[in-house]
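Take a look at the structure below.
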Amino acid sequence: MTTILTSTFRNLSTTSKWALRSSIRPLSCSSQLHSAPAVQTKSKKTLAKPNMKNIVVVEGVRIPFLLSGTSYKDLMPHDLARAALSGLLHRTNIPKDVVDYIIFGTVIQEVKTSNVAREAALGAGFSDKTPAHTVTMACISSNQAMTTAVGLIASGQCDVVVAGGVELMSDVPIRHSRNMRKMMLDLNKAKTLGQRLSLLSKFRLNFLSPELPAVAEFSTNETMGHSADRLAAAFAVSRMEQDEYALRSHSLAKKAQDEGHLSDIVPFKVPGKDTVTKDNGIRPSSLEQMAKLKPAFIKPYGTVTAANSSFLTDGASAMLIMSEDRALAMGYKPKAYLRDFIYVSQDPKDQLLLGPTYATPKVLEKAGLTMNDIDAFEFHEAFSGQILANFKAMDSDWFAQNYMGRKTKVGSPPLEKFNIWGGSLSLGHPFGATGCRLVMAAANRLRKDGGQYALVAACAAGGQGHAMIVEAYPK
């Protein structure tokens with residue numbers, strides 16, 4: 001499928017390590033568009049703002065992220081969310097009645113527990129006086145939960161909020177067909193035998209065909225994998241580059257797992273099964289093995305495969321967010337400040353997965369920072385091709401000028417600072433829970449390495465995106 005982007009993106013910059021070495025021309029910086037100002041450097045010791053509350057992450061946890069169809073397959077989403085909440089309670093010893101509000105993100109709703117935040121909170125033993133609500137924003141659902149918590153605290157409505165997310169891909173709701181649903185509802189309303197027999201006479205075998213959850217984008221009728229394949233082609237990202245990046249993610253995740261850096265994980269005793277203590281999707285392979293896989297979406301010439309895509313994952317995360325004053329009054333040592341954040345949206349057809357490209361310069365400007373000020377980058381890895389396409393877009397003056405209305409590029413993140421403990425490709429991606437994992441990875445990396453600022457960014461279905469600045473809490 002050829003679009004205007006396919007013909008124009010091939011003109012992007014090649015300064016990224018991952019760019020192709022041929023058939024790409026240099027970019028011009030002479031656009032006459034009315035552009036947004038370039039990011040300006042501001043030297044700051046902290047991003048604290050006068051007369052505004054400092055909002056901190058006290059702690060964040062997640063249960064192990066598992067391949068769907070494995071140890072969590074017989075559970076319900078609220079079981080996973082409850083386990084994450086229980087793990088947070090155990091690690092922080094926060095009195096349950098101190099929590100003012102609970103917010104969880106999720107994408108595919110379990111119909112029996114439409115407000116999974118409330119059901120999980122009750123199951124974890126929180127006070128029945130503590131309100132809870134569930135939010136959905138595709139892959140940035142728990143990001144939305146976190147920033148909603150920030151808003152509640154900043155406005156003075158709350159001092160202590162728990163935010164998190166959950167997804168159970170092992171048991172997604174599968175509905176009867178619409179014709180079957182209509183017949184069943186009508187049968188329930190029928191008052192006489194004659195009415196029931198009349199309705200049953202209209203039954204057809206194809207009524208029994210199930211209605212699966214939508215995989216394609218509603219607005220474009222295109223799957224995200226298909227969009228990733230087109231995006232990779234438009235930005236001239238090769239199959240080899242995608243496989244190399246995926247191997248990097250898995251190798252770094254394995255190293256982080258072995259060295260104990262994934263400290264946000266809390267063990268989960270699965271009822272009737274063993275205790276789960278670590279992610280099970282990390283699978284360092286070889287480029288030779290990865291090259292044997294066939295394209296998963298655009299066949300036979302696509303470049304997106306099972307190996308360079310994130311996998312269906314079950315998991316949950318939870319985070320304790322407080323005003324700094326309240327945290328210190330209760331004797332906690334926070335892990336990080338949650339600073340500026342931004343949400344963006346763009347064309348879901350051709351730019352579905354470019355959320356980080358659009359969000360990054362905006363959040364940097366909001367915070368008065370540049371890419372050079374950032375010590376740790378944590379981006380959601382939906383697909384290798386998505387990450388590498390974002391790198392190229394971020395490193396392109398041409399793209400900045402022609403698609404973003406900016407004078408200059410923001411620049412691509414240096415790999416030595418980027419997702420160095422693995423990412424969604426290797427650790428897994430429970431849609432509703434990934435945002436909290438990203439923020440905790442950023443906070444923990446800053447603490448370990450002595451950095452000051454981290455930048456978290458993610459794309460999401462619908463052509464949306466998010467970015468946030470995380471600032472280390474002084475040791």
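Heads up, the Cβ atoms here are built off N, Cα and C, so glycines get one too.
Since we're looking at a predicted model, the values are computed, not measured.
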Candidate annotated as N6-acetyllysine in Swiss-Prot, where the set is Lys96, Lys269, Lys349: Lys349
From the candidates Lys44, Lys73, Lys129, Lys448, the one which Swiss-Prot records as N6-succinyllysine: Lys73
Site from Lys182, Lys189, Lys366 that Swiss-Prot describes as N6-succinyllysine, others unannotated there: Lys189
Most Cβ neighbours inside 10 Å, all chains, among the modified residues Lys292, Lys349: Lys349
Cα-nearest neighbour of Lys73 (N6-acetyllysine) within the listed modified residues, Lys189, Lys292, Lys333: Lys292
Three-state secondary structure, Lys362 (N6-acetyllysine) (per DSSP): helix
Cβ neighbours of Cys139 (active site, acyl-thioester intermediate) where a neighbour is any other Cβ within 10 Å: 32
Other C-beta atoms that fall within 10 angstroms of the C-beta of Lys53 (N6-succinyllysine): 18
Neighbour count (Cβ, 10 Å) for Lys273 (N6-succinyllysine): 13
